[in-house]
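Quick look at what Swiss-Prot lists:
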TOPO_DOM  26-638  topological domain 'Extracellular'
DISULFID  Cys28-Cys39  disulfide bond
CARBOHYD  Asn34  N-linked glycosylation site
CARBOHYD  Asn75  N-linked glycosylation site
REPEAT    78-99  repeat 'LRR 2'
CARBOHYD  Asn172  N-linked glycosylation site
CARBOHYD  Asn237  N-linked glycosylation site
REPEAT    248-269  repeat 'LRR 9'
DISULFID  Cys280-Cys304  disulfide bond
CARBOHYD  Asn307  N-linked glycosylation site
REPEAT    329-349  repeat 'LRR 10'
DISULFID  Cys388-Cys389  disulfide bond
CARBOHYD  Asn492  N-linked glycosylation site
CARBOHYD  Asn495  N-linked glycosylation site
REPEAT    519-540  repeat 'LRR 18'
CARBOHYD  Asn524  N-linked glycosylation site
REPEAT    543-564  repeat 'LRR 19'
CARBOHYD  Asn572  N-linked glycosylation site
CARBOHYD  Asn575  N-linked glycosylation site
DISULFID  Cys580-Cys606  disulfide bond
DISULFID  Cys582-Cys625  disulfide bond
CARBOHYD  Asn621  N-linked glycosylation site
CARBOHYD  Asn622  N-linked glycosylation site
TOPO_DOM  660-835  topological domain 'Cytoplasmic'
Amino acid sequence: MMPPWLLARTLIMALFFSCLTPGSLNPCIEVVPNITYQCMDQKLSKVPDDIPSSTKNIDLSFNPLKILKSYSFSNFSELQWLDLSRCEIETIEDKAWHGLHHLSNLILTGNPIQSFSPGSFSGLTSLENLVAVETKLASLESFPIGQLITLKKLNVAHNFIHSCKLPAYFSNLTNLVHVDLSYNYIQTITVNDLQFLRENPQVNLSLDMSLNPIDFIQDQAFQGIKLHELTLRGNFNSSNIMKTCLQNLAGLHVHRLILGEFKDERNLEIFEPSIMEGLCDVTIDEFRLTYTNDFSDDIVKFHCLANVSAMSLAGVSIKYLEDVPKHFKWQSLSIIRCQLKQFPTLDLPFLKSLTLTMNKGSISFKKVALPSLSYLDLSRNALSFSGCCSYSDLGTNSLRHLDLSFNGAIIMSANFMGLEELQHLDFQHSTLKRVTEFSAFLSLEKLLYLDISYTNTKIDFDGIFLGLTSLNTLKMAGNSFKDNTLSNVFANTTNLTFLDLSKCQLEQISWGVFDTLHRLQLLNMSHNNLLFLDSSHYNQLYSLSTLDCSFNRIETSKGILQHFPKSLAFFNLTNNSVACICEHQKFLQWVKEQKQFLVNVEQMTCATPVEMNTSLVLDFNNSTCYMYKTIISVSVVSVIVVSTVAFLIYHFYFHLILIAGCKKYSRGESIYDAFVIYSSQNEDWVRNELVKNLEEGVPRFHLCLHYRDFIPGVAIAANIIQEGFHKSRKVIVVVSRHFIQSRWCIFEYEIAQTWQFLSSRSGIIFIVLEKVEKSLLRQQVELYRLLSRNTYLEWEDNPLGRHIFWRRLKNALLDGKASNPEQTAEEEQETATWT
C-alpha cells in the first residue's frame, strides 16, 4: 500500500499538471486569439505543436530551426502569413509546406539555404508574395518556383545573382507583376536575358535592378519589351557608362522609368544633362529622377522627355525651374525635397497636377499660368503668400485640390473667385491672416474638405464659413475664439459629417451652435477648457456617433443628460477634472449607467476632493451621500436658527438699549442742547465753526461732542446712546461726502432715527456741509429720502451765507428749549454790549 505522504504528493502533482492548459507551456505570444501568434526569438528548434490549427499568422523569425522537415506545417491548414526570417535554415525538404493551401505570404529573409530540391516549394498553391532576401541565391535558374502559378511578387534582393536572365519557367508565372533583383552582382544585360519578356508581351512586369554594378547593356537588349516599371538607381559608376546604357534601352516601352541614386549612396559626382539624350528612343509614360548631384537648371535639355505624361524630381539638386517649353505635354509635375531658390515659372497648358513639397529653403509664391490644373500641392515649403487666392494667381478655373499646409504667412485677399470648382482645401499649420475680416470662402459652394488647423486664427466673425453649403469635413483644431466662447459659425455648413474643434481654448459653447448640423457624425471637442457637460448643446445632432470631450476641465454635468442623441456610440470623457462629491451625485450615477458608450470609462478618475484624487469614478459610493445629506440638513437648520437669533439680537441690540434709555430718562431734563454726529474728516469745521459760534456765541448752547463729553472706559455705542441721545434735546447731523462713506456715521444716524421715532418729536437737524453727488447720496436710501422731503441747512462760506446759516440754526435749536431768566438776562446784557 502507498504511504500517505507519497499519495498526497502524487495527488498534488497530478492536480498541478491537470490545471495546465495546452497553451500554458507555449512560449509564443497570442496577439489575436486563435488567429495571430508571435514566436520571435524564442530559441525554438521546431514549430510548436500547441498553436491552434485555426491560426492564420505566425512569426517564427530568429529561431534556430536549421531544417524544415516534411509536413512541418501540416497542422496549420488555415495559415496565410508565415515569417521565417533568420532562422538559420539550411535545408528545405520536399513537402515541407504540405497542407498550406491558403498561405499567401512567405518570408525567408536571412537564411543560408545551401540548396533547393525541385519540390522545395511544392504545395503552396495560393502563394502571392515570396521574400528570399539574403538567402545566398546564386541564380534564378536554380530557384525552383515554377509551380507557384499564383505568385505576384518575388523579392530576391541582396543575393549572389550575376545574371538577370529570366528562366523559361517564368512563362508559368502568369500573375507575376513585380520582381526585385536589386543589390545583386549583375553587370551585363544581354538580349537573351530578357527573351521571356519579348515573347510574352502580355506580362505587365515591374523590374527593380537598383544597386547592381551594371557597366554594359547590349544593343537592342530591350527592343520590343514592354514593362510596367523599370528601376535603375545606383547602378552606374560614371556618366559615360550611364549614357551608353540608357541609349541601349532603345525600343523599350515602359509605363514608369525610375533613374538616379539613393540619398546616402551616390556614385555620380556630376549628373550631366547629356545623359538624358539616351532616352529619346524609349517610350515612357512616367519618369522619375531621384537624388542627383549638380543637376542642370536648363530644363530644355529634357527634350527627350517632352512627351511623358508625368515628371517627378525627388531630392534633385536643382535650383531653378523656369522656361519650361509650352509644348511639353507633361500632365503631372512633382518636385519633392529639391533645392529651389525661387518658385518655378510655369506656363504649361497640359499640366493637370503640380506637387511642390518639402523644398529646402524659403521661397515666395509667384503667379503661374496653368489652365488645365486641377491638383495643386504646395505643402511644407515655408512659402509666403502676399495674396490668396483667386484665378489670377493660378491661371486656372479647373482646380479641385489645393494644399497650402505647413507654410509661412498666407494673406487672404480674395474669396477664391474663379476657383469655384475646389473640393479640397488645406491650410493647416500655415499662418492665415485677414481670414476673419470677410467671408473668404463665399464662392466655394462645392468644397467638401477644409482644414484650417493651427493657423493662428482667432475667430471673431460669425460669417467666416458662409458659402460652404457642401462642406462635410471641417478641421479647425489649435485656433481660438473670441472670449473663448464657441460662437454660431456653423449655421451655413449643414452638410458637415466631421468637425474637429480640439485645442481651441474653449470655455463655453453658445446656445444653438450645433442645431443645424443634423448630419454630423464625429465631433472632437478634446483638449479645451470646458467646465460643464451640457447635453442640450448636442440634442439636435441626430447622426452623431462619436463625441470626444476628453482632456477638458469638466467637473460635472449641467442640465438633463438624457438629451444625448440615440445614435451616439462612442463618448470619450477621460482626463477631465471630475468632482466626486455628493453635490454631483446624479452625474456620477449617470457615468456608471452609460458604460456601453463611454470610452475607457474604467480609466476615468476623480480630480477632487483631494482625498479622492486619482480614485476611479466608478468606485464612488452613492450610499454615503444619503448619510451626509441627513447630517448636513440637521447642521444647516441648526446653524440657520442660531444665526437668525444672533442676528436679531445683534441688529436690535442698540435699539433695545435706546428704548430702555428713553424710559429711564423720559422724565428728566436734557443736559445738552444737541448731540453732534459728524465724520472725523470734518472735525476742524465742527471745532472752529460749529462749537465756536454755538457755545461761545449769543445765545449760548451746550453741545454734546464725543471727543469731549463721552465717558472714558465705556463702550462707544453705549456713550452714543446714553450720553448723546438720552441727554440731548436735538441731534445735529453734519452731512458730507466722508459722512456718507463712513459706516460708523451711518450707524449713528440710524440710531438717531430710532431716537426721533421714540421721542415723538422732530429732533434731527441736517447740515449739508458740502455738495454731495446724488449718485453717492442714493447709496443711503433713507437719508436721501429725508433730505428730499425735509428742510435742511446748507453751509455757505461767505458773509451773507454765514449770517443766514447761524441765524436759522440757532432758531432751530431754540425750538423747544426751556427758558431760564438768569441766563436770558445775561444773554441780553451780552447782546447789548456786543451791539
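Every residue gets a Cβ built from N, Cα and C, even glycine.
Swiss-Prot feature annotations superimposed on the structure.
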residue : record                      : DSSP class
Cys39   : disulfide bond              : coil
Asn75   : N-linked glycosylation site : coil
Cys304  : disulfide bond              : helix
Cys389  : disulfide bond              : coil
Asn495  : N-linked glycosylation site : coil
Asn524  : N-linked glycosylation site : strand
Asn572  : N-linked glycosylation site : strand
Cys580  : disulfide bond              : coil
Asn622  : N-linked glycosylation site : coil
Rounded to the nearest Å - Cα separation of Cys389 (disulfide bond) and Cys606 (disulfide bond): 49
Between Asn524 (N-linked glycosylation site) and Asn495 (N-linked glycosylation site): CA-CA distance (Å): 17
Under 8 Å by Cβ from Asn575 (N-linked glycosylation site), same chain, sequence gap 6 or more: Ser550, Phe551, Asn552
Long-range Cβ environment of Cys580 (disulfide bond), under 8 Å and at least 6 residues apart: Leu588, Cys606, Thr608, Pro609, Met612, Ser615, Val617, Phe620
Surrounding residues of the repeat 'LRR 18' (519-540) on its own chain - C-beta under 8 Å, 6+ positions past either end: 472, 477, 484, 494-509, 511, 513, 546-565, 572-573, 587
Helix, strand and coil totals (DSSP H, G, I; E, B; other) for the repeat 'LRR 10' (329-349): 0 helix, 6 strand, 15 coil
DSSP-derived structure type at Asn172 (N-linked glycosylation site), helix or strand or else coil: helix
Using Cα positions only, nearest of the recorded positions to Cys280 (disulfide bond) (Asn34, Asn172, Asn237, Cys625): Asn237
Spatial neighbours, same chain, of Asn621 (N-linked glycosylation site) - Cβ under 8 Å, 6+ residues apart: none
Of the glycosylation sites listed as Asn75, Asn237, Asn524, the one whose CA lies nearest the CA of Cys304 (disulfide bond): Asn237
The one of Cys304, Cys606 whose CB sees the fewest other CB atoms within 10 Å, among these disulfide-bonded residues: Cys304
Per DSSP, three-state class assigned to Asn34 (N-linked glycosylation site): coil
Secondary-structure category, per DSSP, in which Cys606 (disulfide bond) falls: strand
Mean predicted confidence [pLDDT] for the topological domain 'Extracellular' (26-638): 92
Most crowded position, judged by CB atoms within 10 A, among Cys28, Cys39, Cys280, Cys388, Cys582 as disulfide-bonded residues: Cys388
Cα-to-Cα gap, Asn172 (N-linked glycosylation site) vs Asn75 (N-linked glycosylation site), nearest whole Å: 29
